[in-house]
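Visitor: Annotation comment: Swiss-Prot describes 1-49, 644-664 as region 'Disordered'. Residues or ranges marked as transmembrane segment by Swiss-Prot on the basis of similarity to another entry: 145-166, 177-197, 223-241, 247-265, 273-296, 320-354, 355-379. Swiss-Prot lists 167-176, 242-246, 297-319 with the feature topological domain 'Extracellular'. Per Swiss-Prot, the feature region 'Ion conduction pathway' maps to 270-378; the stated evidence is similarity to another entry. Here Swiss-Prot flags 364, 368 as site 'Central gate', drawing on similarity to another entry. Annotated region 'Cyclic nucleotide-binding domain' per Swiss-Prot: 460-580, in sequence order, evidence recorded as similarity to another entry. Taken from Swiss-Prot, the feature coiled coil applies to 597-651, supported by similarity to another entry.
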């Protein structure tokens, strides 16, 4: 009947749909089971439920449509809440590997509403912990630049505005905007300081409580808080044109000095930055002194004597630019003590000039000392290099070296200085730890070393050892790097320049070697059976100035001592190269192997004889020691026996005689 009423043939899908009404009738029971079902069962995917609802016939869907919609909404809501909780509770495995155990939060528990709130709080705290600035990072340095700007603004313009009333009144709206913008930056800096990490046991601390305690208990925190006290509120009592009420903003100076220190460390031109920094300090002092001079002149009275600022009623001296430039000129002459200024008249003027002279002497001494030291540091490398040249010149003159050779040596030194190749890498890097030296050497030389055929597919540890042993060498035009028949003790890698393989006449060129090429690597391995042996097979000459890296045979053997497997790999690699080039005599290799076996047997026999001799000597020493020990034991036994007999006799003589019989 079902098939006829539907007008279609029965199918598995239709048969399945026939059972749907029964399922719908049991919705109430299903809902109760769903509420009592464990959490693990409730976590099943709802896709099957959606599919089951979609497969229902239209009439059946209309009969229980509202109930199914309600149930579907409930299931979707439950599924969304579950995924939301899982998203918050899921730990970041990548970050957890780098965060300390004290920062790892416990996974949120799924349960009632209170547990959800706790989980949300912990998740928020966990995310908040990630926003910790590393004081050695780039973002912290950029923030130092941001905070240094308002600090420098306050240090320069607050004093000027307090002294020059025209400057304060003429641009009041500009100062109002800049003042409160700097206040916002100050407040932001206070919070950033609370989120700035520090190192403890070599690890960056990210615990908010530790960060807060580390900052709050410092003097800098007190100064930072004092610098953001809203003293501007006093404007309502005394008027808005009193910028001296904001002098507490000057207490935030430490951040500017910290920015200067970090910039000096980061910059590639530290000497130039030190000079610029020193000039900035001097200009700020001169600026402050000019402002104070104008303020003193205002308090005494403009134009009352020759020392103070002229009367501002005079049009020549009555505008702001002339006021500041005149005071700045007077301050510069006074502090540098290089010009004549009007003499003081009143006592307070004398005291101020005396104070200025003392400050000027300190400034002059600081300039001379710092600039002289900086110039000496800047010229230290040049002076050391020039001393080497002078020593070589003196030696060549003493030994009466030819002018041509002397000119060649001077040109070689000139090439080194012009191309900045005078630095001794080992001397410069000797103060670094071995690991850092290795990393620098790897970054500089590893790609070059990998170009050598015998070092391809070599063990990484051995390559690191070899990289540390590469020595740069510079050859002049026409210099022979090696000659045919010379014993090969080094291998060379060309960094820059052109080398030519020439005939014995030194003119005919057979081949040209450029940057990245290498030669001499086979000869330093001393591979047995090589037709070349350890001798050079060609003349190699530098066409111009050439920069090469040199690796000596002794350094290679010292490095492979700790890597015996790598040594075998290198020798095998060298044999393969020689075989490809037809330079390996297999008969000689076999003969050398037989010779090696015989030598090993002879060495073994020698070692056995040596061991036998040593064993015989030790046995003789052991026998002699046993005899001496037995003799000493015998002597001790005799002495013990004699002592026992003597003690027995002495005891018998000292015992009392038997008492005589009593008389009747």
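From the backbone N, Cα and C atoms, a Cβ is placed for every residue, glycine too.
Here the structure is a predicted model, which means the values were calculated and not measured.
Burial and contacts for the listed features, if you can.
Guide: Counting only same-chain residues 6+ beyond the ends of the topological domain 'Extracellular' (167-176), those with a CB under 8 A from a CB of the stretch are 157, 160-161, 240-241, 243, 320, 324.
Sequence-distant contacts of the transmembrane segment (223-241), counting only residues of its own chain at least 6 positions beyond either end whose CB sits under 8 Å from a CB of the stretch, comprise 165, 168-169, 172, 179, 183, 186-187, 189-190, 193, 248-252, 254.
Across the residues of the topological domain 'Extracellular' (242-246), the predicted structure has a mean pLDDT of 91.
Residues in the region 'Ion conduction pathway' (270-378) partition by DSSP class (helix H, G, I; strand E, B; coil) as 83 helix, 0 strand, 26 coil.
Packing against the transmembrane segment (273-296) from elsewhere in the chain are residues 155-156, 159-160, 162-164, 260, 263-264, 267, 308-309, 323-324, 327-328, 330-332, 334-335, 348-349, 352, 356, 359, 363, 366-367, 370-371, 374: each is 6 or more residues past its ends and has a CB under 8 Å from a CB in it.
Tertiary proximity for the transmembrane segment (355-379) is limited to same-chain residues at least six positions away from its ends with a CB under 8 Å from its CB atoms, namely 271, 274-275, 278, 282, 285, 289, 331, 334-337.
Taking a C-beta cut-off of under 8 angstroms and a sequence separation of 6 or more, residue 364 (site 'Central gate') has the following same-chain neighbours: 336, 337.
In sequence order, the list of same-chain residues 6 or more apart from residue 368 (site 'Central gate') whose Cβ falls under 8 Å from its Cβ is empty.
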Visitor: Counting only residues 6 or more past its boundaries, what in the same chain has a CB within less than 8 Å of a CB in the transmembrane segment (247-265)?
Guide: 141, 144-145, 147-148, 150-152, 154-155, 158, 162, 182-183, 186, 189, 220, 223-224, 226-227, 229, 231, 273-274, 277
Visitor: How about long-range neighbours of the topological domain 'Extracellular' (242-246): same chain, 6 or more residues beyond its ends, C-beta under 8 Å?
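Guide: Distant contacts of the topological domain 'Extracellular' (242-246): 154, 158, 161-162, 168, 175, 179, 231-232, 234-235.
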Visitor: What residues elsewhere in the chain lie close to the topological domain 'Extracellular' (297-319), defined as a C-beta under 8 angstroms and at least 6 residues from its ends?
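Guide: Non-local partners: 163, 166, 326-327, 342-346, 348-349.
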